[in-house]
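Engineer: Here it is, the structure in full.
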Amino acid sequence: VTVALFSLAVLMPAGAASAAALPLVINTWAFRTAAETAWRVLELGGSELDAVERGCGQCEIDQCDGTVGYGGSPDESGETTLDAMIMDGNTMEVGAVADLRRVKNAIGVARKVIEYTKHTLLVGESASLFAVRMGFPYEDLTTQKSLSLYSEWLNQSCQPNYWKNVVPDSSKSCGPYKRPEEVTYKEEQTSSQRSVHNHDTIGMVVIGVSGTVASGTSTNGAIHKIPGRVGDSPIAGAGSYADSTAGGAAATGDGDIMMRFLPSYQAVEYMRMGTDPTVACQKVISRIQKYAPKFFGAIICANTTGSYGAACNKIPGFTQFHFMVSSPLLNRPTEQVVDCI
């Protein structure tokens, strides 16, 4: 019977009429060790928040696809900085850090924001100082790989970058840039500069046996970003959202576009109204498509019964989205796939 259940779970379309079972761990992309770590925490009696922190933290250690943790996605100055958040769906408390420098365990620091402050989000050098006060060591986030990525980018005249309407022409030069004396604003390009090879985030939702929900994210942001840029990942309702009365969601992709729509919050609200998690995810993607049809992005959704789903925006080179699911119906954390819409 176990084998039959496992086969069914793997072969059926991801999330479609997914049999509800708790506890549940679901995370973006095929980050298997992150899923295994979070599931193991639950098996050993850890809380949902513990599972999210340890699961996303595992990706920070593993440098998942170079887009989570140290040594990836150097900004315009060649520095790697980190963003992360964690949310308690029981209390609605959020801890988040953005533009974190010289501290590797970003989601661990985010957890400390919940535990030891009345704040929600700390940023930049001040977030790093807070981390040190909480016992985290200063460590260099630069590696030979990140230095190589930065050097190659400089040699390609700093292409691609995130500037527009500046002089000199940002499509041909490294700058430094400034505003022109007379500006003729071009319509903003809504196609993503990201690709399937630049995932940029692990997002995770954990639902306990009693329906308690926690969520979190961790990322090193957009490669070659303008220093100081913060994307969707550490923003509650954008990068992820958890509400133990409804469910949880987490997004991944082009955060500069996706954060404008608070997709994780919107998905949870759809599920609160009784919408199936897969449909909730699809509705969120469709909403963004109306304004940015070529955006790169995906979202995972799960309700408090353990039903789950995912959706993504179909663009060239990105027609399917892979994610991980762990539940009592599966005899191990399992990679699932959904076709993009």
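Note that Cβ sites are derived from N, Cα and C of the backbone, with glycine treated the same way.
Found this in TrEMBL, in case it helps:
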SIGNAL    1-19  signal peptide
ACT_SITE  T201  active site, nucleophile
BINDING   R229, V230, G231, D232, T252, G253, D254, G255  substrate binding site
Engineer: D232 (substrate binding site) to T201 (active site, nucleophile): how many Å between their Cα atoms?
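Structural biologist: Between the Cα atoms of D232 (substrate binding site) and T201 (active site, nucleophile), the distance comes to 10 Å.
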Engineer: Sorry to bug you, but what's the C-alpha spacing from V230 (substrate binding site) to T201 (active site, nucleophile), rounded to the closest Å?
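Structural biologist: Computed Cα spacing between T201 (active site, nucleophile) and V230 (substrate binding site) is 13 Å.
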Engineer: Just name the most isolated of the recorded positions T201, R229, G231, D232, D254, going by other Cβ atoms within 10 Å of its Cβ.
Structural biologist: R229
Engineer: If you count CB neighbours within 10 Å, which one among the binding-site residues V230, T252, G253, G255 has the smallest count?
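Structural biologist: Per-residue Cβ counts within 10 Å for the binding-site residues V230, T252, G253, G255 bottom out at V230.
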